[in-house]
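Enquirer: Attaching a single structure in structure tokens format; questions to follow.
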Amino acid sequence: MLRRPAPALAPAVRLLLAGLLCGGGVWAARVNKHKPWLEPTYHGIVTENDNTVLLDPPLIALDKDSPLRFAESFEVTVTKEGEICGFKIHGQNVPFDAVVVDKSTGEGIIRSKEKLDCELQKDYTFTIQAYDCGKGPDGTGVKKSHKATVHIQVNDVNEYAPVFKEKSYKAAVVEGKQHSSILRVEAVDADCSPQFSQICSYEILTPDVPFTVDKDGYIKNTEKLNYGKEHQYKLTVTAYDCGKKRATEDVLVKISVKPTCSPGWQGWSSRIEYEPGTGALAVFPSIHLETCDEPVASVQATVELETSHIGKGCDRDTYSEKSLHRLCGAAAGTSELLPSPSSSFNWTVGLPTDNGHDSDQVFEFNGTQAVRIPDGVVTLDPKEPFTISVWMRHGPFGRKKETILCSSDKTDMNRHHYSLYVHGCRLVFLLRQDPSEEKKYRPAEFHWKLNQVCDEDWHHFVLNVEVPSVTLYVDGIPHEPFSVTEDYPLHPTKIETQLVVGACWQEYSGVESGNETEPATMASAGGDLHMTQFFRGNLAGLTVRSGKLADKKVIDCLYTCKEGLDLQVPEDANRGVQIQASSSQAVLTLEGDNVGELDKAMQHISYLNSRQFPTPGIRRLKITSTVKCFNEAACIEVPPVEGYVMVLQPEEPKISLSGVHHFARAASEFESAEGISLFPELRIISTITREVEPEADGSEDPTVQESLVSEEIVHDLDTCEVTVEGDELNAEQESLEVDVTRLQQKGIEASHSDLGVVFTGVETMASYEEVLHLLRYRNWHTRSLLDRKFKLICSELNGRYLSNEFKVEVNVIHTANPVEHANHMAAQPQFVHPEHRSFVDLSGHNLANPHPFAVVPSTATVVIVVCVSFLVFMIILGVFRIRAAHQRTMRDQDTGKENEMDWDDSALTITVNPMETYEDQHSSEEEEEEEEEEESEDGEEEEDITSAESESSEEEEGGPGDGQNATRQLEWDDSTLSY
């Protein structure tokens, strides 16, 4: 059955529903119930030099208060509830901001506020928060979302090109080998991303070269290289990053081809010149060990400096042995038995020496020579400790006894009191005890068996004797005797002893008594005396000191060389290198497993000579090396290296002595207790002459030459010798004296003899000046003394450098008694004439007298002084008149009157007597002699006045005699010529 359609809603019902709906919408708009919502994390990407950020997920804020999409046709869309009004970024210095694109959907974007640089910062992290528009027209009741984290990465742009780390590269390879890698070139890129910052490839741009480069920059050869074909290759290499961007600047690579490798030391010079006074000099500054790429486990290198031919094994100070002991701090009392020959020590004059002063003076004993030491030089008490020191060079000359030092009976008996001798390669010291009440065996002979006794090298031997023990030091190393023989003490006698060096003195009885050496007989009282047991070898520096033993420090000081090898390596440069040095600094041993570190240590080895004036000459150097390899079968051998250090000749100092050479003193001063000072104004200086190169280039100007410049230097002196010239000093009436206390304060010793006095000791020139100022000469019998002459010579380094001979003549002024002044005519001739001659000789010299009241001038002295004064006045007047006459002559020649000055000089006689004003005074024989000389000079003037007048300029430069002649020639009136 058909149903009836439902009736439509009534209009009233429709109105009711609309009102309900409208009422509900108004309520919803009035309430902001929900907060906006964001994703917890966002990831973004932005390209540098751009500002748009691509986010994942997109930036959208949701709000449940938002109207549904199907309700968009209703009035609720005009309200603010549910809309997103903005985003807020939290963080410091964040170069981004967030912008709302659509408020209703909550969509937004993030963008950069400035251009970003990936090289400065690759990524950024910050938080963001969304907020809605609130409720009502005024936007109150705003709600914010939670904070979401945003990570943004800055994408790189390939804006930088690769750049090589080095401007150029160098390498060297050995010919004939295929190398897996010769060297590596490396470039870097400043871009920040791995894609653009990494170098993906290298390329050799130079065509047709036997080399290739891989992606890591390693260059290798593609074929074996030939040194004869090419010595060096030059390659141009470029680089590309992974973005295919090429380096803006290519790099130059130089590969040198070396000939076939030979292991050994390279980069050294066979000759090294050493300038004295320059300190340490590196001898191998560029040396390195070539191992030819062989694997090396360790290397040992030994550097030796050969100095055995210099002095006594090396360069040492060449002062006397006594001075050296004092410099090393030894106590006083050392007696030198082999001194350099001098006036005071003359017993070594006949011995052959090395004939040179550059090094130590050594004495040669050939088996037939010996020297007897004068009595009093050595005072030795065997009961007290004493020391014997000697330098010796001895070879293997068989098994005969050879005596170095021997003290034996002078006459009657052959007893040896003490002696030091060589027997084969043994050194024996004999010491017989003095007579005593106890007659029992005591140690008498001490034996040492040493190679140093007969190896023909210089060695230093020191015997410290303190009965009953004897200690021997050889080159500073102590040695105990291997055998000691005992014997009875000597029988008491009154026989004097004789000390001999180089042999032994004993009475010849016709039988050799076991002495193998042929005797050299000498006639003497008490029987035939002779020398026996002669020494064959060289000796130097033989000294004996009684009363005290030598200290070990003194022994080491005496032996220490002044030259040697030195190695000063920085702490960070000797890692893994072991260094050993000999006590003499002549041998250095280096060992290490790192060849590079060993090379650095070898480059720091230096030669040093601390002497101010070293001995010039060659010092040979030798390097011997031992290499240990991991594979012993294929280990390389390093040949030895030989060179030399040439020590150049030092600038020789010129020692100059200056002062007053000639002076006179009153006889009373000679006879006084103080005497007179011989060198009151002595000055000692030393200079050297150097060549100074000109500033201009000599090749440009051949006239420019090197100039010599003299420079004053300071050094020590070791000897000053004052000797008397003429007769020897007579100890009964004259002497040379000096204050001993002042000498000791200066460290200088004085030894007196009939020939003078010798000052010894290593001291400064100023100290010697002061000491010589103190030297005084006394003579308490001056009645017959007119003058005395002395000579002074100073030296350095035991006579190596000598000063000039400084001579002093001192005259005695004899004063007349008052009676003699009143009656001078009665003066004895033996007083007048000698004194008169002495004062004539003193003209032009210093006649200063520090005590004027102690001398009363004689009549002759007054007359001479007046004559000399008048003579000087005449010279001055003559020079003036000569110049005036010369000017008038020139004027006459200008007017044409050249003949007006001609005259007849045959009868012209001019006589000037400078003594005529003193005719009434008492005259001496000396005045008459002077007048005769003046008259003879006048006669010569009469012969040629015109010639003298034309040579007036020469007369002005002449001596007093010439000036006097000129004065007399002009004592006339040139208008009338009448007298």
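Cβ coordinates are placed from backbone N, Cα and C, and glycine is handled just like the others.
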Enquirer: Based on the annotations in Swiss-Prot, which residue of N515, N965 is described as N-linked glycosylation site?
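Expert: Residue annotated N-linked glycosylation site in Swiss-Prot: N515.
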Enquirer: Hey, what's the Cβ neighbour count for N346 (N-linked glycosylation site) at 10 Å?
Expert: 13
Enquirer: So, by DSSP, how many helix, strand and coil residues make up the domain 'Cadherin 1' (38-164)?
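Expert: Tallied per class, the domain 'Cadherin 1' (38-164) gives 7 helix, 57 strand, 63 coil.
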Enquirer: For N346 (N-linked glycosylation site) and N366 (N-linked glycosylation site), determine the Cα separation and express it in whole Å.
Expert: 20
Enquirer: Just to be sure I understand the packing, how many Cβ atoms besides its own are within 10 Å of the Cβ of N366 (N-linked glycosylation site)?
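Expert: Cβ-Cβ neighbours of N366 (N-linked glycosylation site) within 10 Å number 11.
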Enquirer: Any idea what the model's mean pLDDT is for the topological domain 'Cytoplasmic' (881-979)?
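Expert: That stretch averages a pLDDT of 43.
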Enquirer: Name the secondary structure element type, per DSSP in three states, that contains N346 (N-linked glycosylation site).
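Expert: N346 (N-linked glycosylation site) sits in coil per DSSP, no helix or strand.
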Enquirer: From the DSSP assignment alone, can you count helix, strand and coil residues within the domain 'Cadherin 2' (165-265)?
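Expert: Result for the domain 'Cadherin 2' (165-265), in helix, strand, coil order: 4 helix, 45 strand, 52 coil.
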